[in-house]
Amino acid sequence: MNIVDSNCTIWHKARNSKFRHIVWPIRSYELTKFIPMALLMFFILLNQNLVRSLKDSFVVTLISSEVLSFIKLWGEMPMGVLFVILYSKLCNIMTTEQVFRIITGTFLFFFTIFGFILFPYKEFFHPDPELINQYITVLPHLKWFLIIWGQWSLVLFYIMGELWPVIVFTLLYWQLANKITKVEEAPRFYSFFTLFGQTNLLFSGTVIIYFAKSEHFLLPLFAHLNDTNEILLKSFITVILLSGLICLALHKLIDKSVVEADKNIKFKNQRTDILKLSLIESAKIILTSRYLGFICLLVMSYSMSINLIEGLWMSKVKQLYPATKDFISYHGEVLFWTGVLTLVSAFLGSSLIRIYGWFWGAIITPIMMFVAGVIFFSFTIFENHLGNIVNTLGYSSPLVIIVFIGGLWHVFSKSVKYSLFDATKEMVYIPLDNEIKTKGKAAVDVIGAKIGKSIGAVIQFISFSIFPNAVHNDIAGLLMFTFIIVCILWIYGVKVLSQYNNKMIQN
């Protein structure tokens, strides 16, 4: 055997080794599908992280954390329901690829309008603050609704920012992934989609910290502005628009190179994969499906558990970092470390799902969130009794420790969500037929997520409406009790759904 044949044999053995399939299970001929989808996830999630940091920082520092529950209940939930109706109507008259581009373009258009028109001229578009204060004096129990009215453009930006991950990523992106990914490819593809997509957490965290500083490369474009918040917003929106345009270009590439290559049959200038069932017919299928019901339980549980902690955590962060620039810089640091842990979790998660199965990949998220959440609530509730611990650790106040623990909770919960929860949730859709994958998925992912947030928001809404001067600290015990119940139901849902999923795969 000559040297060339020997090298070829070694290369062949390396490519087909067990180690190679564990570390990199993607085959060469699959890269034309895998790479564009991974890049598309990267830029969609880049926008998601930038918008999330903006909306949280601006709303919490310029309004308050207590208003979040009112926005989630009375803003996000109705908008989510309206979207499902609109989405189903659009799916009946055009292809899902066209729907992706229309909806993504609408989001980018709104972000542009908000960043360059609504926020810079908010004094013109918003009602007089003195008028709002007068109404609050007369109607104290409607205080937070009046505050929302007084800052309506900022609230609308928050709602659109919340809908981006649910609609563009969870629904539209994963719908495309489910459409072009085969059942045997899913265990290998999905965790690595997440791995490559979530590397943007490191990038976006760095970008956020960079633009939160006084000097950055876009500053000359806005040198004439005096408002630091306006400069910050316009800089971020510029990056978001560029990233959004890249998303549209990548989606067009995937549509032409993958979707059309697999399905190019046309009849009367219409794609044969356009859905024709009505929303009512779709709802009947969803309501009679226990399988979809348990998927919805998982989505609701995650959304609700996040909602129960998030407001309290942000209220603590605001106490420590009251300035918008400092708040968003802290958010960037949390995102960066979330990215680090996500990369580690993605490598481990891919092997975990392939070796031990769907159940163990899905059960880690609720268990980790439960443990970290209970620790955070406990430290918050007993904040006034942490003096000795604070002095021992050398910190200036218990608030520093609580914010640190809250940051750890966020890092752990988001990293396992990105690396395991999203992938395992999408895997259970694959055995379903096309109708359930599209309209059924829309109802579960959009309405399910919003109902989960709304249930958590109802508790806070009622508390803050009855006691207008209350803050998150005052209801921490109630939030902790509800959080524990939700996590227990979540774990039960994973167990039952695992049994259903195994039966469907076997059939």
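Quick reminder: no glycine exception, Cβ is built from N, Cα and C everywhere.
Taken from Swiss-Prot as is:
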| type | residues | note |
| --- | --- | --- |
| TRANSMEM | 31-51 | transmembrane segment |
| TRANSMEM | 67-87 | transmembrane segment |
| TRANSMEM | 99-119 | transmembrane segment |
| TRANSMEM | 130-150 | transmembrane segment |
| TRANSMEM | 154-174 | transmembrane segment |
| TRANSMEM | 192-212 | transmembrane segment |
| TRANSMEM | 231-251 | transmembrane segment |
| TRANSMEM | 292-312 | transmembrane segment |
| TRANSMEM | 333-353 | transmembrane segment |
| TRANSMEM | 357-377 | transmembrane segment |
| TRANSMEM | 393-413 | transmembrane segment |
| TRANSMEM | 451-471 | transmembrane segment |
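Where the transmembrane segment (231-251) meets the stretches 67-87, 99-119, 130-150, 357-377, the count of C-beta pairs under 8 angstroms peaks at 99-119.
Ranked by the number of CB pairs under 8 Å to the transmembrane segment (130-150), the listed stretches 31-51, 192-212, 333-353, 357-377, 451-471 are led by 451-471. Between the transmembrane segment (292-312) and the transmembrane segment (451-471) there are 3 or more Cβ pairs closer than 8 Å, counting only residues 6 or more apart in sequence, so the two stretches are in contact. Below 8 angstroms of C-beta separation, residues 51, 87, 90-91, 125, 153-154, 156-157, 160, 163-164, 167-168, 172, 176, 230, 233-234, 236-237, 240-241, 244-245, 247-248, 251-252 of the same chain, each at least six residues beyond the ends of the transmembrane segment (99-119), sit close to that stretch.
Sequence-distant contacts of the transmembrane segment (67-87) (same chain, at least 6 residues past either end, Cβ-Cβ under 8 Å): 59-60, 99, 103, 144-145, 147-148, 155-156, 158-159, 162-163, 166-167, 171, 279, 307, 310-311, 314, 442-443, 446-447, 449-451, 453-454, 456-461, 464. A contact between the transmembrane segment (31-51) and the transmembrane segment (393-413) is absent, since fewer than 3 of their C-beta pairs, 6 or more residues apart, lie under 8 Å. When the stretches 154-174, 333-353, 393-413 are ranked by Cβ pairs under 8 Å to the transmembrane segment (192-212), first place goes to 333-353.
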